Amino acid sequence: MRNKIETKLKPVLIGIIVFLSIIVTITNLGFKKNFVGDDAGVASLFAKTFVNLSFYTWDNLSAPGKLNVTSILSLLWSSFILTLSKLGLDVNLISRLSYFIFFSFSGTGMFYLVTLLLKIQKISLRKNLIYYAAFVSSLLYMFNHYSMWLASFPIIPYHSSYILLPWIISLFIYNLQVKITFVTVFAFSLLTLLLFSGNPSNTLSILFFLIAYFMFIVKELKRSSVIFVISSIFFVLLLTSFIYIPVLASKSNPYGYVGSSQDQLGSLFLNSTFTAFYNLFRMAGVPTWQNTPFYNLYNQNTFFILMGFFIPFIVIVSYLIPTSFHKLKTFFLALIIFTFFLTAGVNEPFNNLFLLIFNNLPYFEMYRAIYPKFAYYIVLSYSVLIGIFIVDLHLWKNHWNKYKYFIIFIPLLIILYNFPFFVGKIPNKDYLSKIPEEYLLAYKYLDAGSSDFKILSLPPAPNGSGLLLGWNENKYVGPHPDRFFFNYPVLDSFWFIGNGFKNLDNGDSWQGTKFEKYFLEAFNVLKYLNIKYLVVHKDFVENYIFQPNNVNVKITGKLKSRTLIALLKSVKGLELIEDNIYFNLYRMPEKDILARFYIPEKLITSQNQFGALFNKSSKNKNTDIAILSRPFSNLELAASTSVPKVNFLKINPTKYRVKLKNIDRPFLLVFSETFSPHWNATIKMPPENNLRISESDHLLVNGYANAWIIKPFKSDRQEYDILIEFELQKYFQYGLIISITALVGSIIFVFYNIGKKYAHK
């Protein structure tokens, strides 16, 4: 009878975890609004575009283009979103499913982790006791201040670290301390691949955690554990080839220069606002905590303050109870203490020691957001230790009868303390929005047959970092959405401010109309940016309260848009093709549209290319120019003669085929995408006489763009076929082939072994 009850208890408890995940998802997200904004933007609503951004190592949609190696990390996530979309799932349903997965998978992962940790101990325990302890651990891992913060913004690959952490630890421990098989090694490697799709700094810290656990139990391990370590490293390297091979090939930091530790001190101090030990004991400390609806409740209500310290109290008491779990508890207690030190940041009493490490340890500045980067180890440790506490009480025979009813109420106390999850107040209100139909249909106003253009977005985004839009009672706060709405490259007009136009500064992107009044002087530059359309947003918010300091910043967006619209009426040939309450869309005059590839009619030399572009382009309205840093006399001669004819085909964002005719002397071929040494030009000479243009003939022009010096051969050949490629894409494709081959081969081998096993039975 007892075995039947124990058999039924496990699925019942997992069912409760799933049920609570459904309730939390429905309560917080509802069914009508889009869950968009923050780092996620609107990407998940446009799955095909999202996949393209993740698949290519060059992002041409963020005009005038940028290195995109880090976005490869999102390939698995974007492919998952696209698959669900292809299956017919509504975009809002996909965001709800992602939210449900966050809670249910993290909860069940903790359930299996605690179950495994308790089962591998050399103690005879009843299964229902183990399952109940694991269930309580799961509830705490699902519902706490840290997961409350994670659930406040749309689910993105960043969440994968928290979701996968208990699963990866479970498989790591199983392979080391229980049994190693090809299936379990492959499963661990596969989850590690998914982990690599998340935040790199989180992934790195999790790897350090696994190493620490390995060192902690190394004396207990068998020799077979060496096989697991070597084989898992081998598998992970194969499966993640598509991620690290293009990164290594780039020979640079794929994130670009992010500054030294000294440059990041401001961010560190900001992130240390609420990470004093008093808050960390309660698993709280996110810098935006005071802006949540329940901040005062958790910090002023005596009952909730005491409840916040209930879990830490249990952790301490658990360590004092003499049981056979002493070594395991020591490890997680040490992890808590170490994590407290890291997460406290510049708070006393160890602030000087932390600053010493922060300023001197290379690359440690990537952990400047201390609470998001470290606090989940506190949650992990608390969750494991509360499960052990329940088993401790059972093993503490002399006191079990006194406390056995007390542990029944622990799940209820966890739910009660974290009741905001169940009243629909977790998501940031600005991230639950409804995208206007006008934006969803914006792509229909463009020339569908042409791919050779970019769109300029006006007014400038504040600081160039994203848009703050107001849609009736809804808002959008996140990365630039226009590239998804139009599905074409979009250049934010902050590009001009960022490159020194009229000596404007960042403040001019927030308030005033300096840029807007000067815009007509920048109008002649647009052709050299391959601009064909202008979109003027009329839906900028007038002010926005920025967290965590509740600073109400004024944004004169509507004044900016009115100024621009009035000025654009004076531009001859500019066509207004859409006018609605959210934006105006204009088509540039035909004479002011220049192709992505062009051959200049006049060359200008200047050490300050941007200055020359902004100041001299108006003097050459009817002449296509290019600005170089040094003169080339033979190119000047070529530019003064008849210009060769250019035709090109865009194969994908990283590959173009350019056909040139009437070649009789050296000339300059300009490619209006951001300069990168990884762009290569190869002259195709059938059958195999391809000639790659040397790096010395690859130039920076117009302040940002690529250009190649094309020299004719001595033969009478006057037509050239040139292949323009972004070379890192090849390395990504090589890595992807390796990863897919390893994945498919492993899956086939797994099914072969399963079939062989059943055949023997």
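Glycine is treated like the rest: Cβ placed from N, Cα and C.
Note that this is a predicted model, so its numbers are computed, not measured.
The following features are taken from TrEMBL:
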type     : residues : note
TRANSMEM : 12-29    : transmembrane segment
TRANSMEM : 97-118   : transmembrane segment
TRANSMEM : 130-149  : transmembrane segment
TRANSMEM : 155-173  : transmembrane segment
TRANSMEM : 180-196  : transmembrane segment
TRANSMEM : 202-218  : transmembrane segment
TRANSMEM : 225-245  : transmembrane segment
TRANSMEM : 303-321  : transmembrane segment
TRANSMEM : 328-346  : transmembrane segment
TRANSMEM : 374-393  : transmembrane segment
TRANSMEM : 405-423  : transmembrane segment
TRANSMEM : 731-752  : transmembrane segment
- In the same chain, residues at least 6 away from the ends of the transmembrane segment (303-321) whose Cβ sits under 8 Å of its Cβ atoms read 140, 281-284, 297, 329-330, 333, 336, 381-382, 385-386, 388-389, 392-393, 396, 410, 413-414, 416-417
- Query: Of the stretches 97-118, 130-149, 155-173, 225-245, 374-393, which racks up the most C-beta pairs under 8 Å with the transmembrane segment (202-218)?
  - Reply: 155-173
- Mind checking which residues of the chain, 6+ beyond the ends of the transmembrane segment (180-196), have their Cβ under 8 Å from one of its Cβ atoms? 73, 76, 160-161, 164, 167-168, 171-172, 174, 203, 206, 224-225, 227-228, 231-232, 235-236, 239-240, 243, 739, 743, 746, 749-750, 753
- Chain residues outside the transmembrane segment (155-173) and at least six past its termini with a C-beta under 8 angstroms from it: 39-40, 73-74, 76-77, 95, 98-99, 101-102, 105-106, 109-110, 112-113, 116-117, 120, 141, 146-147, 184, 187-188, 191-192, 194-195, 197-199, 202-203, 206, 209-210, 213, 376, 380
- Query: Under 8 Å, at least 3 Cβ pairs, sequence separation 6 or more: does that hold for the transmembrane segment (405-423) versus the transmembrane segment (731-752)?
  - Reply: no
- Task: Might you confirm whether the transmembrane segment (225-245) is in contact with the transmembrane segment (731-752), defined here as three or more C-beta pairs under 8 A between residues 6 or more apart in sequence?
- Result: yes
